[in-house]
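Visitor: In case it helps, Swiss-Prot gives these features for our protein:
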BINDING   9-33  NAD(+) binding site
BINDING   SER140  substrate binding site
ACT_SITE  TYR153  active site, proton acceptor
Amino acid sequence: MKLKGEAVLITGGASGLGRALVDRFVAEAKVAVLDKSAERLAELETDLGDNVLGIVGDVRSLEDQKQAASRCVARFGKIDTLIPNAGIWDYSTALVDLPEESLDAAFDEVFHINVKGYIHAVKALPALVASRGNVIFTISNAGFYPNGGGPLYTAAKQAIVGLVRELAFELAPYVRVNGVGPGGMNSDMRGPSSLGMGSKAISTVPLADMLKSVLPIGRMPEVEEYTGAYVFFATRGDAAPASGALVNYDGGLGVRGFFSGAGGNDLLEQLNIHP
């Protein structure tokens, strides 16, 4: 029970990875969730009870972020961990495929949600300094490698890599700042409305089939499997030395081979192991 008595604020926590994080943290901690969907927040509170506080708001609004922080402190007395997680994906729309008439609006939408929303979340939380807390940014494999999105999403996520490092410096020694880069997952993450993708969810893309032969671990992880790295960084004792750390938590994308996703596909046969 390393997180017992802790209070956590998660943005974009009513679906997808955010919901999985809420479910994981609420087993020990109190959790506040900022999300735009009042309906999903109501479901969350019904499912998880008094240990969860749902707050309707837009991560692009600093006032909404400040209100979320204020309500979390009013309800739970403090904030120990902030997880800026809300985001949208550009569905790997290449630069040549971005319509000129939509480019400016799409850029603003992706960066306002995926970057400005993260900056607002931290700006709204001087309470983290008081609690000597920590920030855990959700990045993406696109923060480290190409082809995890189009240029808009990739640029936004690589901006968060820089943000982790800068804020880890600026907020030291009082607040630890780290980042987790999950890989592909089956979630409800949407696309930019400015590109006509506002109602499109990642779950409609056959990612599991696409990634099976690409990832060294041989499969696409379940959403819940990504939550462990966040729990580690949030745990004061285990992660006390960690600040400015970036974890590629993506099924081994960085070690895939030229001709095969995994080099040990024949190990069982070679070692005469029969599971």
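The backbone N, Cα and C atoms fix where each Cβ goes, glycine too.
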Visitor: Counting every protein chain present, what is the number of Cβ atoms, excluding its own, within 10 Å of the Cβ of LEU9 (NAD(+) binding site)?
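Guide: Excluding its own Cβ, the number within 10 Å is 32.
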Visitor: Near LEU21 (NAD(+) binding site), how many other Cβ atoms are within 10 Å of its Cβ?
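Guide: There are 28 of them.
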Visitor: Would you please pick out, from the binding-site residues LEU17, ALA29, VAL33, the one with the fewest other Cβ atoms within 10 Å of its Cβ?
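Guide: Fewest other Cβ atoms within 10 Å, among the binding-site residues LEU17, ALA29, VAL33, is found for ALA29.
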Visitor: In the three-state scheme derived from DSSP, which category covers LEU9 (NAD(+) binding site)?
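Guide: Going by the DSSP assignment, LEU9 (NAD(+) binding site) falls within a strand, counted as strand.
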Visitor: According to DSSP, which of helix, strand or coil covers ALA29 (NAD(+) binding site)?
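Guide: Note: ALA29 (NAD(+) binding site) is coil by DSSP, not helix or strand.
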Visitor: Tell me the Cβ contacts of SER140 (substrate binding site) under 8 Å, same chain only and six or more apart in sequence, or just say none.
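Guide: Correct list: GLY87, GLY148, GLY149, TYR153, LYS157, GLY181, PRO182, GLY183.
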Visitor: If you run the three-state DSSP split on LEU17 (NAD(+) binding site), which class comes out?
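Guide: The residue in question, LEU17 (NAD(+) binding site), is helix (DSSP, three-state).
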